[in-house]
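Trainee: What follows is a structure written as structure tokens; I'll ask about it next.
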């Protein structure tokens, strides 16, 4: 009964004002459901966020980092990883069912859901038709902590196979800094030039960091 009453206030607040009205602490408490011995769930949620700095830091951390937080065991760690994976799959479904990319913000949110927290550089491509509706997205190349080998011909081959007319390129920087490197700019130029021969248009190249991003299109580089 004690644990149920602890959740009563966040639940009532959600039902009355909507889920977006909850603070990060209240939202986390809603997912955790229970506290630990001598610590209610709201206190536990507050301590977890203070320890990891933010929801982002919490949801992208590894189990070893949880060992220093009293009351956090395998079960609660699994709950949190489940939340992160649920969000990632939600954006996957949303991309398929809301075929057009409705806005640059939606594109960025989708890419962040796919690439945030990866320990290696991943290069992915969103393939679009002539009306800029999403056909599919693919992770085409994976690399190391700070490098990924990208082959323009493989991108073009995939685009031709699915009859794509336009592309959005994306990759992550596991270091957290989204600022593109000289190599990032050079490979983007190579891909654009290669695509021009096949009448394929590159709309953007988005680099995902830790809580930040850089859009080549927004910078005026494409």
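Placement of Cβ uses the backbone N, Cα and C atoms for every residue, glycine included.
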Trainee: Identify the motif 'JAMM motif' range according to Swiss-Prot, selecting from 171-184, 185-198, 199-212.
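Mentor: Spelled out, Swiss-Prot records motif 'JAMM motif' over residues 171-184, not the other listed ranges.
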Trainee: Mind tallying the motif 'JAMM motif' (171-184) by DSSP state, helix then strand then coil?
Mentor: 3 helix, 2 strand, 9 coil
Trainee: Measure the Cβ-based neighbour count of residue 184 (Zn(2+) binding site), defined as the other Cβ atoms within 10 Å of its Cβ.
Mentor: 19
Trainee: Around residue 173 (Zn(2+) binding site), how many other C-beta atoms are within 10 angstroms of its C-beta?
Mentor: 23
Trainee: Beyond 171, 173, 184, what residues of that chain have CB atoms within 8 A of the centre of the Zn(2+) site's CB atoms?
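Mentor: The surrounding set, listed in chain order, is 121, 123, 148, 172, 178, 180, 181, 207, 208.
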